[in-house]
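The annotation active site is assigned in Swiss-Prot to E140 on the grounds of sequence analysis. If you look up Swiss-Prot, you'll see H139, H143, E222 marked as Zn(2+) binding site, on the strength of sequence analysis. What Swiss-Prot lists as transmembrane segment is 4-24, 34-54, 158-178, 193-213, and the listing cites sequence analysis.
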Amino acid sequence: MMRIALFLITNLAVMLVFGLVLSLTGIQSSSVQGLMIMAGLFGFGGAFVSLLMSKWMALRSVGGEVIEQPRNETERWLVETVRTQSQQAGIAMPQVAIYHAPDINAFATGARRDASLVAVSTGLLQNMSRDEAEAVIAHEISHIANGDMVTMTLVQGIVNTFVIFVSRLIAQVVSGFLSGNRDEGESSNGNPLVYFAVATVLELVFGILASIITMWFSRYREFHADAGSAKLVGREKMIAALQRLKTSYEPQEESSMMAFCINGKSKSFSELFMSHPPLDKRIEALRSGDYLK
């Protein structure tokens, strides 16, 4: 209920900001051109703001702590492993962080390849062998080297723009029709309450459907990150790491972080809405070498 309330409040706030921006620029939001500009600004704007704040948001969501100076042998090994692999991948040394969680997991994020972050859970450090942990770290380094965070942001921006544009275009037609504004030359949002209600419902529906696209891309990049890890540390180490993930607790990270973690949630009514492929499929892809070519 709280999430729905926050969504409605956010949606109303966005619409108010839309109106202010468009009135200041003289663009009519009821025109197709104005609606497209509005959708693009906020569709890509929100995605890129999230990207720019990704390191701060990620650390805050998991309670992660950046290693400024290694305090023990495990932290020294972790930092040196990240340093070695980042040099092999041709990227700048990422920040390294640890967060407390019982599940075996890790993630990478950051707005640029040369200003990134790699974080691992205490569950990973406690339950994986060094070879397995090396493979997981190499997987995250591969995400950074492949520029996955930026590409994911572009995909999300396109999806956001489409959802906002189509939802509000249909809402204009419906609210105008119900308000009696059927003249071809008339441009109006009709009843504001009807417009808001229809736009909100459609954004929810189209947002769920559009997530199929973003989740497909997320699964696709996981296969390539697995292959990147295999190239850095060896195929058998990566396969062993994925097999170890089968014994892990269900990931505890927030849903907003799942696409950036190596271990995604397995409980979903459909694979279409999963950010990660099933572990068995990832292992089979490595064994067949489909993404190593």
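Including glycine, each Cβ sits where the backbone N, Cα and C put it.
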Roughly how many angstrom lie between the C-alpha atoms of E140 (active site) and E222 (Zn(2+) binding site)?
10
Just counting, how many other CB atoms are there within 10 A of the CB of H139 (Zn(2+) binding site)?
28
